[in-house]
Number of protein chains: 2
Amino acid sequence: MRRALDAARAAALAGEVPVGAVVIHDGKAIATSANAPRTLHDPTAHAEMLAIREAARILGRERLEDCDLWVTLEPCAMCAGAIAHARIARLYYGASDPKGGAVEHGPRFFAQPTCHHRPELYSGIGEDEAGALLRDFFRERRA
Amino acid sequence: MRRALDAARAAALAGEVPVGAVVIHDGKAIATSANAPRTLHDPTAHAEMLAIREAARILGRERLEDCDLWVTLEPCAMCAGAIAHARIARLYYGASDPKGGAVEHGPRFFAQPTCHHRPELYSGIGEDEAGALLRDFFRERRA
């Protein structure tokens with residue numbers, strides 16, 4: 001999660017909502033990404049999406065059933081869907097997101113009968129720091 | 001939808017689940033994509049995602065509020081989330097998808113309070129042909 005938080009900080013410096021994600025395979029971080037929709041002109045470029053795509057590219061396959069994903073914020077519906085499509089084994093996330101989250105809020109995607117893969121879920125890891133990064137970012141933008 | 005169905009047929013020929021998508025801007029098709037997760041080694045490479053990303057790249061911005069999306073199958077949670085993030089104005093889709101759809105099934109994403117943008121929705125357009133393509137594809141794979 002340390003590495004994901006560093007990526008979130010890098011996102012903030014680039015003017016992006018500070019969220020970071022890391023894919024772990026065989027105990028190694030093979031893809032680390034910062035949220036970047038504005039920078040990349042890509043509405044799908046959330047940290048989780050970029051990390052999953054990079055990991056799949058590196059491993060040369062569309063399924064990551066032997067990989068874990070660490071992300072600083074509760075995934076949205078788009079990212080939760082991608083996590084299921086990728087067959088991620090374990091999902092670790094930091095702050096919960098009542099406004100846009102889709103794991104414990106709104107669609108609660110992994111609990112839906114139309115969800116074809118549910119990762120093991122671990123939440124609240126590093127949530128104080130992840131949440132503080134987001135609060136500071138939005139406070140500065142409003143100032 | 002004719003163009004989206006052609007892309008779906010191309011997906012089937014490439015061994016991918018036959019789904020196609022087109023983004024329309026100013027009355028012109030600016031991005032046409034076929035479903036390609038296996039070919040691209042990318043679990044996020046659904047037709048809608050590829051078309052949205054391509055359109056955003058071409059227009060040089062992350063929001064497509066003046067664009068419409070045509071897709072042959074009811075979008076899943078990942079794609080519905082991306083459609084909301086991209087602020088797509090109108091969504092036209094063909095066959096409904098009780099197993100993985102997230103518009104009229106499962107998460108019913110656009111009806112959730114955590115969904116920040118809901119496109120105008122038009123379903124059932126070309127659904128007979130879109131559904132037949134999918135049925136033929138899965139029948140041949142089982143044969």
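Here the Cβ of each residue, glycine as well, is placed from N, Cα and C on the backbone.
According to TrEMBL, B:Cys76, B:Cys79 bind Zn(2+); the candidate from B:His41, B:His46, B:His116 that the record adds to this site is B:His46. Listed in sequence order, B:Ala21, B:Ser33, B:Leu69, B:Val71, B:Pro75, B:Cys79, B:Ala82, B:Ile83 are the same-chain residues at least 6 apart in sequence whose CB falls under 8 Å from the CB of B:Glu48 (active site, proton donor). For the recorded site, B:Cys79 (Zn(2+) binding site), the DSSP three-state label reads helix. Residues in the domain 'CMP/dCMP-type deaminase' (B:1-104) partition by DSSP class (helix H, G, I; strand E, B; coil) as 38 helix, 26 strand, 40 coil.
All chains included, 29 other C-beta atoms sit within 10 angstroms of the C-beta of B:His46 (Zn(2+) binding site).
Across all of the domain 'CMP/dCMP-type deaminase' (B:1-104), the predicted model scores a mean pLDDT of 97.
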